[in-house]
């Protein structure tokens with residue numbers, strides 16, 4: 001049992017401060033308490049990622065990071081503040097709207113005294129507005145009274161006027177609806193004879209100081225406003241001859257109206273900003289103008305565990321070790337071990353590279369940032385490098401953490417291949433990635449995982465130790481691994497007990513894990529379509545064919561002659577394969593059209609998943625591919641060969657060219673390799689060998705093709721009887737499988753199913769012939785009866801004579817009379 005320093009200090013204190021009788025009891029209690037704490041820690045580590053109890057608690061074995069902040073906290077605070085401002089703005093709009101009114105809203109208002117230098121206007125809504133400033137002046141033109149006043153506002157004074165018709169009687173100015181009460185069109189007001197100055201003496205009396213004659217008259221003058229009167233208008237200015245322009249309406253400007261004039265712009269800006277943020281979130285942050293330079297990585301939340309991954313046990317163990325290091329780093333630090341800074345997964349598509357990354361995300365109790373390699377680059381220069389920095393900064397704040405870059409070949413390909421501007425810009429992103437992984441500013445506590453299908457195109461600096469220390473190749477599964485994958489994906493499917501998953505795995509060589517999952521899914525859909533409660537071998541066979549060549553096109557109209565030629569073509573593949581050593585075993589032949597293929601032959605290796613292939617195996621594959629064309633030539637002639645061998649010739653050409661230029665299997669060309677690797681192909685670069693060598697390669701390819709075709713032609717010529725039996729079986733059954741093919745090969749006769757189908761068709765043909773014959777006989781008899789009826793009608797009728805009616809016919813009149821007597 002190992003103790004840390006703190007536990008050793010506690011034990012030492014117990015030994016010093018307790019007597020010998022109590023030492024053991026205290027020590028036992030301490031051990032019990034320590035074991036409980038360790039059990040709690042272990043349970044929290046073993047708890048799955050989707051458990052609801054401790055999802056939000058940090059792992060006890062993980063070191064706390066003081067720099068780590070709750071993600072999105074500042075953003076939530078900012079958005080809360082913006083929402084509060086918007087709500088308060090709307091409330092202010094509602095409240096302040098009650099304090100804004102225009103002159104046209106005045107109803108039965110009156111002037112009352114308010115101090116010595118201001119007037120108060122009271123409206124029908126019991127709202128009061130104070131008009132302050134210099135003493136107002138009354139002008140009169142014709143019979144119109146103009147009350148001019150100055151209003152104090154935020155930025156100075158507004159010149160305002162009240163227009164009303166007036167008739168003076170007993171020092172009282174009565175206001176009525178005159179011709180100018182609505183203002184009419186804009187007119188110039190000349191400064192006319194001054195009638196009176198309105199002064200307030202503080203006692204509530206309004207005096208009329210001067211009249212038309214210049215004399216002063218005392219007494220109170222009252223001004224009442226009519227309810228239908230346009231009562232206030234703003235003067236736009238004074239001219240040099242003291243004239244002024246009066247608009248047709250006027251509104252009072254208050255503090256509320258100023259706020260209301262600005263508030264719509266604030267609301268509009270807030271709505272636009274909010275909409276742009278929502279658009280950025282809806283698009284995953286890709287097209288948001290506010291996050292051009294930010295990383296597009298997301299925190300992955302996966303429910304996939306290592307127990308859900310089958311068929312790649314060695315690769316899984318490599319990643320389990322990394323997850324264990326993240327959970328228990330002290331165990332490795334005690335031994336002086338350094339965790340790999342980077343792990344790259346490479347292999348063919350569909351083999352489970354991304355699935356392994358999901359399992360790491362589900363098992364690890366650390367933040368897992370997932371991003372695609374193409375998400376770094378954008379239309380702006382320098383965005384890629386900026387996003388790389390932002391990604392690693394996020395990961396460091398959450399350390400220990402894992403970064404997973406899917407399809408890293410889009411950002412980490414070899415530098416300087418084409419020496420173009422676009423290439424140099426892409427190199428900036430790669431250089432920043434190299435610096436972040438292992439540069440002067442190396443970030444600790446961050447592990448980088450990546451996946452690619454093309455390891456050969458990646459830059460060497462990216463693959464060196466210190467960046468991607470561990471390279472894990474994920475290959476296609478062998479037969480045992482395919483069985484394990486099928487069992488994993490069949491856990492939630494109702495598969496019949498009669499189905500042999502090992503047989504399905506044997507018939508699917510070269511299938512990836514994704515293809516095997518697709519086979520089971522297609523079989524499930526077919527079972528549902530056929531109203532079956534379980535999945536049987538028939539559905540799985542059809543699903544394999546659908547994955548290989550697509551769905552069957554049974555409604556396609558194909559003539560009998562085309563079917564015969566397709567059958568001879570496929571039979572040629574099968575016969576050459578059966579008589580060629582090292583060739584693949586024929587599992588199935590069909591002439592049902594699927595996809596672009598009019599028919600196909602399914603072959604599997606005799607020995608599953610060979611690590612290497614011999615020259616004889618490759619030559620046997622080429623001969624089998626050429627068997628279809630040879631069979632057509634033998635049975636139809638050179639002038640009647642078809643285009644059905646196009647795909648066969650394409651595959652055979654690739655095999656032969658690889659034998660000559662890559663594998664060194666040609667004695668004339670030699671061992672030199674003239675086949676460039678995939679990552680170094682440059683469309684602007686010429687061939688790296690001479691023209692004479694190129695001609696030699698072409699001649700050698702042509703020689704191998706000629707030899708293999710003659711070999712296939714010879715086999716089909718010798719065993720053409722078997723070819724014809726296979727063709728007849730295909731025309732009867734459309735699809736034959738391995739037991740039926742082996743029966744034909746062994747006994748040189750039709751299999752049982754073909755004979756039964758042939759007998760059924762013969763009986764059907766006999767029945768159709770009988771029906772056709774009976775129909776003809778019935779038609780003939782009916783024709784004879786009609787002729788006899790015609791003859792009877794033509795015969796001479798005679799009551800006394802019993803002789804045959806060979807006499808000439810009577811006159812029509814006599815016949816008609818005798819008929820009448822009858």
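Placement of Cβ uses the backbone N, Cα and C atoms for every residue, glycine included.
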Per Swiss-Prot, the range holding region 'Disordered', considering 16-43, 44-71: 44-71
Given ranges 210-230, 231-251, 252-272, the stretch to which Swiss-Prot attaches the annotation transmembrane segment: 252-272
For residue 573 (Zn(2+) binding site): DSSP state (helix, strand, coil): helix
Same-chain residues at least 6 beyond the ends of the compositional bias 'Basic and acidic residues' (758-794) whose Cβ lies under 8 Å from its Cβ atoms: 732, 750
Local confidence of the prediction over the topological domain 'Cytoplasmic' (273-822), expressed as mean pLDDT: 83
Rounded to the nearest Å - Cα separation of residue 648 (Zn(2+) binding site) and residue 570 (active site): 11
Check: same-chain CB within 8 A of Zn(2+) site center, minus 569, 573, 648: 570, 572, 601, 625, 626, 627, 628, 629, 631, 644, 645
